[in-house]
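A.B. asks: First, the structure itself, so that you have it in front of you.
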Amino acid sequence: GVAYACYYLSSIAKKPQLVASNDRFCRFLEEYCPVVTETYYPTIWCWEGRVQTLLRPFITSRPQVQYRNELIKTADGGQISLDWFDNNDSLYYPDASTRPTVLLLPGLTGTSKESYILHMIHQSETLGYRCVVFNNRGIAGEDLLTPRTYCAANTEDLEAVIHHVHSLHPSAPFMAAGVSMGGMLLLNYLGKTGRDTPLMAAAIFSAGWNVFESVESLEKPLNWLLFNYYLTTCLQSSISRHRQMLEKLFDMDLVMKARTVREFDKQFTSVMFGYRTIDDYYEDASPCRKLKSVGIPVLCLNSVDDVFSPGHAIPVETAKQNANVALVLTSCGGHIGFLEGIWPRKCTYMDRVFKQFVQAMFEHGNKIFSM
């Protein structure tokens, strides 16, 4: 026990690496988001990345959230499901017109019901903020009105949602946070728009920076067994109930035979969005290619032991070339894991980073450029 404790304290519990070229951004984070400079103590009995990834959905609690659903139409005749947490009982921001708003983007097959989304809303509720969850097409129980779903590279639906939310509350400070594929989509949007966005800042968690490296990592035998096959079946399940609509354009029997994410993307995703090859899609979907163009403050949290986004693929040198970007890299944490404490049910390290960063930006964001 003593030997294990010594190993844990010397090799596992470490301060995260903060990567940022902008000294003012660093000082801002150190003062108003100090969690990014503090030692991260992973749960002592499950600190390994794959274990954290697997256990988080089962261990963490699911705070009760009452949503208001809204369906909005898209230019191509489709619809998008938004789940609003209005926080009308906010004591800090009783005026709904100026209540800070956080747009939340779940992962690949995730919805507003994911535990990590519920925890973000719970953190936002305590601060008095409003949240709206962007559910990708066909995922949250709504029907597909056109034979189109979503992907990490196409930002049209996200642009429509951001414009819609901003038009409803034009005087409210507005931020976004994306998790996993939601983070990739958000980064690709920010790389495309630069400073031309109503968002004042963004937080990114466990994004896959280079899709080629991500799928290669997931195709290693153990990772395929633990994650890849299951994720592929989740993707197939998410489209199976829309089969009648999608059969107009796709050989669904072939799509349902996919046994890896790469095979699914080759037969379905890349075809749907008009890419000549799957490599063309993966290149366009990789946020590392667009990071230099991000024009608002962005904080990105990754663990270097994340099999979905391996540490060697995190664009550290590219991030150093953009003063708007800060990377926070932990040695442990897995994919959307970041469990801490002996029994990590209520709050993860990721939750604390989210809470401190959104509060820092909403309440002190004007100081970034004056420090």
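Glycine is no exception: its Cβ is also placed from the backbone N, Cα and C atoms.
Copying in the features that TrEMBL gives for the protein in this structure:
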ACT_SITE  S180  active site, charge relay system
ACT_SITE  D306  active site, charge relay system
ACT_SITE  H335  active site, charge relay system
DOMAIN    100-341  domain 'AB hydrolase-1'
A.B. asks: Rounded to an integer, what is the Cα-Cα distance in Å between D306 (active site, charge relay system) and S180 (active site, charge relay system)?
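C.D. replies: That comes out at 11 Å between the alpha carbons.
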A.B. asks: Averaged over the domain 'AB hydrolase-1' (100-341), what pLDDT does the prediction give?
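C.D. replies: PLDDT averaged over the stretch: 97.
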A.B. asks: Other than its own, how many Cβ atoms are within 10 Å of the Cβ belonging to H335 (active site, charge relay system)?
C.D. replies: 25
A.B. asks: Any idea what the Cα distance is from H335 (active site, charge relay system) over to S180 (active site, charge relay system), rounded to a whole Å?
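C.D. replies: Cα to Cα, H335 (active site, charge relay system) and S180 (active site, charge relay system) are separated by 8 Å.
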